[in-house]
Amino acid sequence: MSFNFIKDKNKHIHFIGIGGISMSGLAEILLYHNFTISGSDMNSSPITKKLKDKGAHIYIGHKKENIKDADLIVYTAAIASDNPEIIEAKEKNIKLMDRADFLGDLMKGYKYNIAISGTHGKTTTTSMLSHVALKANVDPTILVGGNLDIINGNVRVGKSDFFITEACEYKSSFLKFFPYIGAILNIDADHLDYYKDLDDIKNAFSKFIKLIPKDGYLVAYGEDKNIQSIIKEASCNVITYGINSGDIQAHNIEYDEKACGNFDVVKNNQKLFSVKLNVPGKHNILNSLASICIGLASNMKDKDIIEGIESFFGTHRRFELKGCKNNITVIDDYAHHPTEISATLDAAKKYPHNKLFCVFQPHTYSRTLTLFDDFTKCFDKADEIILADIYAAREKDTGIISSDMLGDKLRDRGLKCTNFHKFNDIKNYLIENAKDGDLILTVGAGDIYKVGEMYINL
């Protein structure tokens with residue numbers, strides 16, 4: 001089954017899980033092009049309301065009746081095979097497409113597809129690059145995994161041949177894409193509920209590299225040893241970046257009082273220009289270098305690259321300042337992998353504060369189990385750790401792993417750590433223990449941000 005922008009113009013397309021960040025973006029692109037769109041989700045949300053306002057037919061709850069007029073159904077990996085709409089579609093021979101296949105077919109309508117891959121930093125880098133592309137007036141279509149203020153959401157429909165999107169490796173989704181420029185930000189062990197091991201993950205990224213045409217570009221973090229081992233697979237143009245090595249480097253790095261980096265961009269030991277970031281941490285210096293490399297490969301002007309990078313103040317849920325209460329700062333971050341948590345805490349330590357509270361909600365049982373040892377070692381820079389229960393997402397609790405088990409290990413290592421089972425109890429603990437000048441950092445890919453909002457809105 002395939003999708004064609006022109007041939008399928010009069011089709012009714014139904015999205016199962018339309019409230020998801022990527023699915024809603026795809027639906028919005030099609031609504032712009034006057035497709036008939038419907039979709040279902042378990043809960044109403046600002047996303048479903050926005051789609052409804054744009055003309056989509058939205059159903060809350062999954063029922064077989066929802067797909068009665070659909071010609072094509074798009075679903076995500078999170079949708080189970082016993083979903084009533086999936087079952088009904090099969091019985092009625094309505095065409096079904098996985099989200100990644102659908103996005104891949106959508107990309108065929110564009111010449112300059114830019115796909116940002118990597119275990120960490122995809123949303124931030126895609127968002128940063130979007131700022132650069134908009135400053136350069138290339139009029140791109142953008143699909144990003146977070147809400148970006150400059151496009152008032154997670155999607156923008158342009159009229160040029162530029163398409164900018166994230167390329168997630170989960171279930172090898174990114175192997176269904178058609179990148180002209182493919183970026184690999186880093187490679188780390190993750191999604192081990194799908195991949196066998198790190199070598200299996202590296203093999204998937206090797207295949208991603210081979211998708212890039214000979215006249216295209218691979219942009220890669222050259223100081224990542226896992227990337228170094230597969231970069232030879234490229235038959236296209238290759239641009240590497242890094243702090244101490246690579247084609248494009250960051251020199252003379254200085255951090256301001258909020259941990260945001262200022263640095264010179266250097267190529268072949270020659271300074272190209274300087275930039276001042278408005279997002280914190282070393283990891284965002286690397287994210288900006290990837291964006292700069294793509295901008296240069298796309299023949300964007302230096303001044304547009306600089307303005308794009310410097311106008312980027314972050315996306316929602318990426319080191320997002322939620323507010324202050326009694327001179328106590330609350331920041332939220334989406335980090336859910338040990339490497340991401342370490343980077344986020346490193347940035348937070350550079351941020352002005354007295355005591356750093358890290359409120360963490362583990363994301364999925366499988367990730368917590370497979371990366372358990374790494375989770376026990378990534379919180380050392382926090383002064384105090386508060387653990388919520390594991391956010392299940394698409395999984396079921398088998399009783400094998402829990403937040404309490406992680407808390408026990410952290411306490412065994414001498415770290416101050418407290419477990420709570422209810423958000424309200426976490427809020428009350430913070431009310432009692434956070435003092436003037438402290439920093440509360442909520443961390444996780446689930447709904448832990450609600451704790452910060454509860455605290456701010458007292």
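Using the three backbone atoms N, Cα and C, a Cβ is placed for every residue, glycine included.
Pulled from Swiss-Prot, these are the features on record:
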BINDING   Gly118, Thr119, His120, Gly121, Lys122, Thr123, Thr124  ATP binding site
Coarse DSSP state, helix versus strand versus coil, of Thr119 (ATP binding site): coil
Local Cβ density at Thr123 (ATP binding site) - other Cβ atoms counted within 10 Å: 23
For His120 (ATP binding site), the number of other Cβ atoms found within 10 Å of its own Cβ: 21
Intrachain C-beta neighbours of Lys122 (ATP binding site), sequence separation six or more, cut-off 8 angstroms: Ile116, Gly145, Glu166, Ala167, Cys168, Leu185
Neighbourhood of Thr119 (ATP binding site), C-beta criterion under 8 angstroms, separation at least six: Glu169, Leu185, Asn186, Ile187, Asp188, Asp190, Ile201, His337, Thr339
Residues within 8 Å of the Gly118, Thr119, His120, Gly121, Lys122, Thr123, Thr124 Cβ centre (excluding the ATP site residues themselves): Ile116, Thr125, Glu166, Leu185, Asn186, Asn287
All-chain count of other Cβ atoms within 10 Å of Thr124 (ATP binding site): 27
